[in-house]
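Participant: Below is a structure I'd like to ask you about.
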């Protein structure tokens, strides 16, 4: 079922080119997405939420990823998917934004990796 | 067993597979290996195996056999194991699995662990996959962690609390007390999460709203500090300090300030400050401004602030970034009903947005345009909308056309312009208009008698060249059928442009025949054409032979509807030739008010056209009930009241009725048919001199008081029985009724049976009025009534002109 969801979202988002807005309606929610090279980062939020703020959140997240992996590329994300998850956990939890300061997040992550 | 391959190698292997089949083979081999490893209970490589399993599940392959392994990993002492274990749990398990309850114990232990990172892991997992049972069990632990001094843990704990409350709203009490202390934290992250928690609480629980309203001054202070306190490199994004926190604060303020005057007042200043100080060159600033606008709109702010908000939205519209324009259009749509005039200023920009490439922007711009139409700008706006209609996507067209008609009904400056524009719309959008628009257009045309010839000419000009747009052709055939003779004789108000077209009777008949014969036209259109031809047979006597031969041809047509009509019309020519003129004479003004519904009972006869009649009965009742009344009783002075029917409710009702009532599509064109024959049969009835009952007439229906006249003729005296009922819950006392008639009548008013009308329709007051009409003039009456309701005196008077004809013939 998760796969079905992923396919649906994929179909919705990939057909949109640069001329379209970054927001798309999906079931009862809306998807805010941003495209970075070959990757689409999508966040699914309520219809009432502030679109622009979540665009910023996506960008924040990508910046953290960049810092963490030192110029991240797609392969980094694939090979280290569990680390990506830990970054997600640092920044978002239970559907809300948790920490916005990149410095703090990065510090946290370095400590975590040293534990392993 | 040899060492399992490393995660990295597995990934490399999978990615290097060139076809899907190859990839599947690799994955299956690895999964089989992993399954064996799990069975062997080997601890050393378990975490690596689980990691590989997780990767494979990310790709979409089933991995449920790994769930139990995750549990074992969580229970182990090593940090890496735990990490992978929790990750696996979060990915593979959700509330629907039963296994996840087993994690509860491990979670509990880990939450109390001294190592903050482990506790953090546990909190993460809890936050992601919490279920109601788990929340109840672990709520207390989470709350304890919220109070801990470690901000890292605090943040996670608070967000866990958010999820817990979402799942189990009763847990609210547990967390309530700790909230206030959280707000005084300096740490932005904690603040952010605390506010999220408060928002969640307020959304669930209105009690919380009361409690947290007291915190509004605190929030205002925090926001002020944020804006003022200069540069803080940690949380800053492009020069604006912690926009996420600002946005959350604004959101919370919005929720707290809704419907609460006091809270809103405290917020006014800070909102104004934020709006003016935030720079809007980057997306971040815009995000904050947008949130501010939303907040201003929702709380009870003062009007200056609202104007400021609308101006901000207007600035957004001019921005090049389409995201921002989209967002602005969306919000303006919500605002326009409240603050109409402020939005009008930006009308030009909105019209520009109609031409944008993005579909969603176009749609919103279209809806906004319709909301903004008023009597001043209707001409320009309709022009714009017609250009838009020509280029827009098909799915918009139906909406666009219906909205345009609505707008034109309400605001059109002159009838002629109205008719012109409607014709333009039909020519452009043609086949995507809704069904009821044809009938409404027809009723409008028929109600403006001075335009009859003019309309006929315009329509003829269009359809002689192009008959692809079905609704247009339908309207045109009807008009030509009714008013073709006016057109041909040239006695009408000529249009100002030079394209004056004159047609002869033959040409008109030729066009109608072309429509009839062309198989691309729908059956409905052809029915309209055949009716029109019939009408023209009397109006254009020279063509009547030609028309008769057409009818005979169609009497053998494959389509049942057409054949029926053709056969009937042929019989009109042959057997019933004498009554043909009276049947097809000009229709009286089509009216659309739903007044005399009782008239419909009169028309329940026609066995010959019963298949189409049932559908017709329904639609007639809602669209043209008084058509029947008109034709049966020749009442001509009701004013056309087209306003009541043009709200979208009626449209959808009519659509439903038309859809449900007609497996035959022909219901919409039946009014013509049925009225022709209705007229015929009623004439037969009255010629037989049968004492057909005169329909009752509703005189007044106001404030719960309903007065109905029922008529009875005794020799030459008309006896009116007056029934007065009261549907309010208060009885109406001292009810008196007075009536006056013109001098040529004699009126006798007998005393009523009581002067108190009981409440809730439980009884009525009757009174008898006798009128004698020696000169057989049209009956008119002026009535005056007075009553008292709860000691409140009400006087009312009315003039009645619309008595059924049989009252005085």
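Residue numbering: from 1, along the chain as shown.
Cβ atoms are placed via backbone N, Cα and C, with glycine included.
TrEMBL does not curate its annotations; it predicts them automatically.
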Participant: Of the ranges B:638-670, B:671-703, B:704-736, B:737-769, which one does TrEMBL flag as region 'Disordered'?
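Facilitator: Of B:638-670, B:671-703, B:704-736, B:737-769, TrEMBL gives region 'Disordered' for B:638-670.
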Participant: Between B:565-595, B:596-626, which stretch does TrEMBL give the note region 'Disordered'?
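Facilitator: It is B:596-626 that TrEMBL describes as region 'Disordered'.
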Participant: Across the domain 'GAE' (B:692-804), what does the pLDDT come to on average, as a whole number?
Facilitator: 76
Participant: With DSSP as the reference, give the number of residues of the domain 'GAE' (B:692-804) in helix, strand and coil.
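Facilitator: In the domain 'GAE' (B:692-804), the DSSP-based counts are 0 helix, 66 strand, 47 coil.
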